[in-house]
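For reference, Swiss-Prot has these:
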type     : residues                                                       : note
BINDING  : Asp119, Val120, Leu121, Lys201, His229, Gly230, His231, Arg235 : ATP binding site
REGION   : 214-249                                                        : region 'RNA-binding'
ACT_SITE : His233                                                         : active site, for NTPase and RTPase activities
Amino acid sequence: MTQSVSLSDFIVKTEDGYMPSDRECIALDRYLSKEQKELRETFKDGKNDRAALRIKMFLCPSPSRRFTQHGVVPMREIKTNTDMPSTLWTLVTDWLLNLLQDEENQEMFEDFISSKFPDVLASADKLARFAQRLEDRKDVLRKNFGKAMNAFGACFWAIKPTFATEGKCNVVRASDDSIILEFQPVPEYFRCGKSKATFYKLYPLSDEQPVNGMLALKAVAGNQFFMYHGHGHIRTVPYHELLTLSNHSLVKIKKRSKTFLNHHSQLNVVVNFSICSME
């Protein structure tokens with residue numbers, strides 16, 4: 001199962017703008033603004049859309065009583081207990097705070113969250129790979145606000161991912177119908193949870209069936225499982241990592257992969273061995 005981190009693990013909104021998050025101090029969580037109290041009571045009712053409520057909680061300013069010497073205590077409903085390397089936390093937090101000093105950027109950031117984000121929770125692995133791009137001073141994310149926001153939003157499934165919004169990776173093949181990316185293991189100083197082996201993703205360049213791309217993917221990925229999970233690209237998974245997936249996840253992936261192949265009959269010859277291996 002994918003490990004998650006929250007936007008509130010990094011920054012918290014206040015009346016004077018955004019400040020660093022202090023997850024360690026839990027005693028001050030009792031202090032709430034009137035709006036935060038109402039949101040907490042609504043959140044307790046399991047019938048409500050909790051993902052939407054978490055977004056509202058993040059965008060709700062915290063009162064000064066939640067301030068500590070290190071930052072602001074986030075509401076317990078929107079933080080995680082994920083063990084995060086300090087290098088990852090510092091890099092992402094500093095980048096966000098520097099970006100949000102500009103009022104126009106802050107307004108666009110909040111509009112993006114309220115209109116596109118399905119939740120404040122992100123994939124820890126995706127965010128770690130995003131941080132690797134921030135670490136690279138030559139990366140275009142450091143120079144283009146729009147591209148940076150799209151790449152950041154992709155970590156939260158806020159936009160449909162493309163090869164341009166992916167985290168740190170290498171282009172290893174380019175055919176007439178697709179681009180293949182290689183994702184190497186995340187360095188320990190950025191990694192949350194268990195390490196993942198090298199895997200690959202295929203991004204089609206059009207709506208046509210990427211036959212040549214699939215042949216190239218099969219060549220570079222070797223004996224890895226191919227899966228389609230509904231995000232517009234095909235991903236490989238090393239077979240030993242299938243053991244970490246739940247039965248529910250495996251059934252869902254198999255169903256989506258078979259649906260994909262039913263609409264792309266020419267690819268059956270290339271990838272059918274991977275689908276059948278799950279029987």
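Numbers run from 1 along the shown chain.
Note: Cβ is positioned from N, Cα and C throughout, glycine not excepted.
Here the region 'RNA-binding' (214-249) returns a mean pLDDT of 79 for the predicted model. Using a 10 Å Cα-Cα cut-off around the residue listed as 'active site, for NTPase and RTPase activities', the binding-site residues Asp119, Val120, Leu121, Lys201 reduce to Lys201.
Ranking the recorded positions His231, His233 by C-beta neighbours within 10 Å puts His233 at the top. A sphere of 10 angstroms centred on the C-beta of Lys201 (ATP binding site) encloses 21 other C-beta atoms. Taking each Cβ in turn and tallying the other Cβ atoms within 10 Å, the top scorer among the binding-site residues Asp119, Val120, Leu121, Arg235 is Val120.
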